[in-house]
Amino acid sequence: MNHPAFAAHSTLEAPAWVKHKKLIEWVQRVAALAKPERIVWCDGSQEEYDRLTAQMVAAGTLRRLNPAKRPNSYLACSDPSDVARVEDRTFICSQRREDAGPTNNWIAPAEMRATLDGLFDGAMRGRTMYVVPFSMGPLGSPIAHIGVELSDSPYVVSNMRIMTRMGRKVYDVLGEDGEFVPCVHSVGAPLAAGQKDVAWPCNDTKYIVHFPESREIWSYGSGYGGNALLGKKCFALRIASTMGRAEGWLAEHMLVLGVTSPEGKKHHVAAAFPSACGKTNFAMLIPPQGMNGWKITTIGDDIAWIKPGKDGRLYAINPEAGYFGVAPGTSEKTNFNAMATLKENVIFTNVALTDDGDVWWEGMTDEPPAHLIDWQGRDWTPAIAKETGRKAAHPNARFTAPASQCPSIDADWENPAGVPIDAFVFGGRRSTTVPLVTEARDWVEGVYMAATMGSETTAAAAGQQGVVRRDPFAMLPFCGYNMSDYFAHWLKTGVKLEQMSVRTPKIFCVNWFRKGDDGKFVWPGFGENMRVLRWMVDRIEGKAKGEEHAFGVSPRYDDLDWSGLDFTREQFEQVISVDDAAWRKELALHSELFDTLKQGLPVALQDTRSALEKKLTA
């Protein structure tokens, strides 16, 4: 268990470059509770990363991929019980239950702290506790915030180095008394003296806990990304959303992209889609044939922090430094830029291994390889798949890759001031009812659209698949406070923008997933979504027309640019039509959502629903 390579920083004593007394005392308190064998103060260097990955290869946690095929890249395969976020074990422990709201799990803070004290007592015995300093957002940005994660998982440390700005430079920004979000993580698998470790330690008991008032995160029992990489959903959305409410900004489950016209005019769009609904594909979109001169650039693919600038407009950063993307379905056809990003320096999790030491997943190629080792270490062939239905890669298999490797990365992706947002887009996976694109007539109507959006569940959350659930703003699993208060915060943001007399971002709702009578998707999606994006940009510029209906404004067939695509008026009608009977049922479902959220639900949203109902029956 001895790691002499870490001797320089393997101590309860902090290195000289850590000058933050409260941070040091906190590390000492957690160490006294969790009782690790050693403490390593991470510096974020390449040497440290190389040591950790070599250590994990030796332990069987990682497999080094063929350097000729996939340089400096690794494959991790998790325990089969630890493959996704665990929403039923995720808690918002606010002082008052009503502050967590009906969509979050709540336990009284004192009770939860007693539970965690018991779980973490000796939880890191026999293991190393890593002190991982990280910045969410460019170092020193006025939109960025700092966190420090204490974890007994080298897998977490390695992923955090890719996903955040991690290392010694964070302490320079933090100084002696800067604010940071304290994050504590353990896989919950202490080792007795002489006990052999397993390749993927975890515990059947899992807790992912947030204390909004003290801005703390505690995670126990899981080594999986969303549960263990605490800078991601836990900090960047759940805790940050509560910070944003208190401080007047937004932390959102959104991609951010730049769209530049052939004339060189650039706009920025932030878009929210539930997990595995095409967020990364949209963020890295390549304009299709016939739309020459248009260019899409990527600022972020998953999370946006949005703060008012000095001019009153909303400015966004991507708080992450990497992509933690869903692998299955990603291919050179569906997302060329993502595949190019994955050529080197990647950690893959729960994908399949090819016989020549590379990776594969469902959807990567038209034909699967003749033989693979699946994500659970078993032989896999197309014949086995046909007979058993077994997937080679887990449906929620992931890649962790540096954002800097993306060919479509925006020149401003690390601009500390952020980029100005011209439009918000919201979308879910709906096979019926919701049109291809609708523009809200005003901010309140846009907030209503986002508040009532629905999507089918995905493999990113453990549980049932294929069921439509309401997912307001794509934030249902990620909002760190009462959802009704969250809606009110969005409405208040709109009022502030109006008071500042700045151009308010337009709000659009999209649905790429309408199906025809044959059960197939009608809209081709992927790069063709550029045609919808162009209409949005032209609406911002006042150049494009549309047709008003009960729910807003949608394009007519001739309002879209069809150059290079054979898509008939009949097909367009299938994806754009508004069925009044279906929408009356939809509004009834909106009422069910509002009944769930009735405590504190803004009157403006109830009034909007009533107005829509009247329009439908007029």
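Including glycine, each Cβ sits where the backbone N, Cα and C put it.
These figures come from a predicted structure and were not determined experimentally.
Some features that Swiss-Prot has for this protein:
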BINDING   ARG85, TYR224, GLY225, GLY226, SER275, ASN396, ALA397, ARG398  substrate binding site
BINDING   LYS233, HIS253, ASP302  Mn(2+) binding site
BINDING   ALA276, CYS277, GLY278, LYS279, THR280, ASN281, ARG398, ARG429, PHE526, GLY527, GLU528, ASN529  GTP binding site
ACT_SITE  CYS277  active site
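You'll find the Cα of CYS277 (active site) roughly 16 Å from the Cα of ARG85 (substrate binding site). Inclusion criterion for the binding-site residues LYS233, HIS253, PHE526, GLU528: a C-alpha placed within 10 angstroms of the C-alpha of SER275 (substrate binding site); this criterion is met by HIS253.
The CA atom of LYS233 (Mn(2+) binding site) is located 6 Å away from the CA atom of GLY226 (substrate binding site). In the three-state DSSP classification, ARG398 (substrate binding site) falls within a strand. Other than the site residues LYS233, HIS253, ASP302, same-chain residues with C-beta atoms no more than 8 angstroms from the centre of those residues' C-beta atoms, the Mn(2+) site, are LYS232, ALA236, LEU237, SER275, ILE303, PHE478. Ranked by Cβ neighbours within 10 A across all protein chains shown, the binding-site residues ASP302, GLU528 are led by ASP302. Rounded to a whole value, the Cα-Cα separation of ARG85 (substrate binding site) and PHE526 (GTP binding site) is 26 Å. A gap of 15 Å separates the Cα atoms of ASP302 (Mn(2+) binding site) and ASN396 (substrate binding site). Between the candidate binding-site residues, SER275, THR280, ASN396, the densest Cβ environment within 10 Å is the one around THR280. On the backbone, the CA of ASN396 (substrate binding site) and the CA of GLY278 (GTP binding site) stand 14 Å apart.
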